[in-house]
Amino acid sequence: MKKVILVVIDGLGLRSEIHGNAFQMANTPFFDKLFSEYPNTLIQASGEYVGLPDGQIGNSEVGHLNIGAGRVVYTGLSLINKALKDDKFKENQVFLNAFNKVKENNSTLHLMGLLSPGGVHSLEAHLFEILKQAHNSGVENVAVHVFGDGRDVAPKSIRESLEKLQELVDKYGYKIATISGRFYSMDRDKMFDRTEKAYKAILGKSGNEFSSALEYLDLQYSQNITDEFLEPAKNSTLDSRYFLKDNDAVIFFNFRPDRARQLSHLILNSSLYDYQPSHLVKVSDFVSMMKYEGIKCNIAYEEMLVNNPIGKVFEDANKTQLRVAETQKYAHVTYFMDGGVDVEYKNSKRIMVDSLKVESYADTPQMSAEEITSQVISHAKDFDLTILNYANPDMVGHTGVLESTLVALEVLDKQLSRLVKWAEKNKITVFITADHGNAEVMLDENNKPVTKHTSSPVMLVTSDKSLKLKPGKLANIAPTVLDYMGMAKPKEMNENSLLDK
């Protein structure tokens, strides 16, 4: 059976423009040879191709997850957006249970979260859809508790969102019960005096009041208070039904956990913090949009389970596998490559090469690439599949130092040349790809350093000159390797091989 080495270069995309492109500027004769003499193709590594929102830059975690899974893995916001796009909110049993609880108890459903199109902690479209589904399910009493953003979006930008929300609640006979800036409702620094102010408004115990949400916004703006710092206030036109009390149900529609946990703790009196809530309520149901670590509640959208990633396929087929990376990227070739699970397969070996302990990798752009190559050359003959990661383009690219990134790529060029020559001599086939872009964009149009990832496509190159490769995305790589090795792919791997037969 053929043996394969899969090389994942971290943070190296492809683009034709030379300006600020360390990959085009570096002296890389072996890469030049790979692209001119070996089969190669383009692989998409960002946005919807890897289960992220459209246009979003790729990252190492998502990249390795998709490579190992053999299918597009939807995570976080994109997981919920896909459910929204596919009109699946109405089938979400966790939402339906919350709706049913308030109908049975003749109580109120409280929807709370960041009213924002920002997509960092929440997305207002999710709230609007939950309102629609609550109405369609016959929920009579719904109170919305609005948190102002002004941080992931412009400081004074909530008016349009608030107008949309007001129109919807009027249509369904629901109410905007409270308003507070995220400074209060979404503190994450254990400043519970802030969180308490938002909590008291939700309980109907705030001294600040408004009769119209939009008028209250104007009043706050007139005092130079922006969305983030809107003072917690309650709607004075509402009766006690619309403020949080026993037997009510809560849906917290923030999907990101870090700034949702303190307020959740106050409502649930959880064991996550030592702080004791000023008022205790016993809600019938508490739903978080995604998992809030340390908060016990019902979760509307769980992260996707990746069954049968490439490592499991090799294990089940009684094949051997080797994983090699330096400390900085070790979790990526193990935990993320294995579907977000920490598992050591019985026919496997893992080698972690120590990353250099330095303040900045700009000072040591070679990183541990030579040692990684040496370890692979020492061990790969004994394994059916070797997966390794070279961290240089990403970690040095993040420093924003162009000269160091050029050195990093030249070091990598030499190490790849060493590895491929050895593999060819030992009749082992190499596939080379990358998890996302970075080093190919080091300067912006104003010649300022760029340190972030990119949405550039990446390479897939193979040392087997008899092959032809089709273009694809990261999720096609595992099926391609299995196809090449004559192994069946599991049903979960719904992406195709890129071998052009």
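Cβ from N, Cα, C; glycine included.
Listed by Swiss-Prot as binding Mn(2+) 1 are ASP394, HIS398; the candidate from HIS379, HIS453 that the record includes in that site is HIS453. For the Mn(2+) 2 site, Swiss-Prot records ASP10, ASP435, HIS436, and the single candidate of SER60, SER378, SER497 listed with them is SER60.
Summary of the site annotation: Swiss-Prot records substrate binding at HIS121, ARG151, ASP152, ARG182, ARG256, PRO257, ASP258, ARG259, LYS329. Screening the candidates ARG159, ARG188 against this entry identifies ARG188 as the one listed for that site.
Each of the binding-site residues ASP10, ASP152, ASP435 was scored by the number of other CB atoms within 10 Å of its CB, and the largest score is that of ASP435. There are 22 other Cβ atoms within 10 Å of the Cβ belonging to SER60 (active site, phosphoserine intermediate). Other than ASP10, SER60, ASP435, HIS436, the residues of this chain whose Cβ falls within 8 Å of the Cβ centroid of the Mn(2+) 2 site are, in sequence order, VAL8, GLY11, ALA45, GLY58, ASN59, GLY63, HIS64, HIS332, ASP394, ALA434, ASN438, HIS453. Apart from the site residues ASP394, HIS398, HIS453, the chain places the Cβ of ASP10, GLY11, SER60, PRO393, MET395, GLY397, HIS436, ASN438, ALA439, THR451, LYS452 no farther than 8 Å from the centroid of the site's Cβ atoms, the recorded Mn(2+) 1 location.
Of the recorded residues, ASP435 (Mn(2+) 2 binding site) and SER60 (active site, phosphoserine intermediate) place their C-alpha atoms 6 Å from one another.
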